[in-house]
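Take a look at the structure set out below.
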């Protein structure tokens, strides 16, 4: 049977399908890139060895060379040791750059954020290039070592090597943006750029400005300290927010704990620039030599890039959390046009599985739909009512619940709640038109009297709302619409039950508002309250569906996740 709308989908011939990218071809592409690195490394190492050989064995100015060698390759070393240090550096530096870059190439495709991956790779390539060509740059800048070493020349070389830190700046900027800290990202970027401009300024000032050059250089460090301090503060604050999110969504605990750890590590390493860069000229380079300083700096940058570019599955979710603080995330259901299966009923008490079902359904090319609806506030539809076409002017509440108990319009808080939980309670009561009663203390003498008074107010609200459910029936109307849409597209329906309770808890649609029959079923049910109505409606219409134990959810969803890794034909045509 033809399904409406399927003719609009692009089709792909067998020949074209053979050319489509797959995870295997992506892996092969990464392997090709990795094969280039050893060849580049060998070429650079041989080229560097040739330069070092010409520099040492046939120097244009031997006396100047001997003055430069200790500063470049290791103070306090014998002439023979300096030569060996130079040879070693010619090999180690490009090798270090290649290993660092290879680690980031291997990670391509493992993160949800392609921009973070590309920023990490670009930063690592910048370090690799600097480590590979520093000898050539050195000879060019110093005119083939024709100039005697001076503090000014040495300072220029050190400060020019800091250009590779721009990659770290851009990576930090991107990470803060993803986390929702945009003002911190832009402010730190501006301060870091101003610091770099002040470091370059003395090179272009006229000689008459010489007395001011020292003051400019010293004053510039304040902007680097402010920039890195702001980055560290924002990353640490993001970690604190993530930890609060962990308390709200405990099923994300493992993922969030990992994110919090890496965010705090990133906050610590961000400060390192403002600590060791001012000490480079007068401490690190005089102690170990400029070339070994480059190796140490590169190693630290690769570690920092690794921490900042950590492939967090929930990085954007943590960023959204800043905007969703004080809210629960509503879900209106998602029917994906290319899906073959649709989950039409799912037990919400299994929160981790529910979250993963939502994430799968919201994927860009998901092959599974989710008809279930979760309303959280007035804006999403909580408390709203929708007219039942078969209800003679009444809403769906009459068929679903009958006349509700007036006590449902009373919301009580008798235990101490967190600030977040209390916000949820107040938001729910406002959306559903309930009376909210908060117990001040365990020995609250007026509690009984206040509760009796609150019940009277709740009864009045219930009568005013014509004995309809305070949470409304918008959820059912939206769910029904999603089921109809999935059915029109020929999708197969799936119902998930409590663990070990498959098939238990079914009721006839006509019996839903019978409190006695409902209570009999609830004692051994495998369905949540909303699920009972959902399955009853499916049976009422005679729709077929496959029943599952919630314990089998991940086995059910795995094929859809595997397929979802491959781009769809429509994505390639676009």
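Every residue, even glycine, has its Cβ placed from backbone N, Cα and C.
As the structure is a computational prediction, the values presented were derived from the model and not from experiment.
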Where TrEMBL places transmembrane segment among the ranges 152-173, 218-239, 306-327: 218-239
From 55-80, 81-106, 107-132, 341-366, the residue range that TrEMBL assigns the feature transmembrane segment: 81-106
Of the residue ranges 176-198, 383-405, the one that TrEMBL records as transmembrane segment: 176-198
Transmembrane segment per TrEMBL - which of 134-151, 242-259, 260-277: 260-277
Selected stretch (most C-beta pairs under 8 A with the transmembrane segment (81-106)) from 176-198, 260-277, 283-305: 283-305
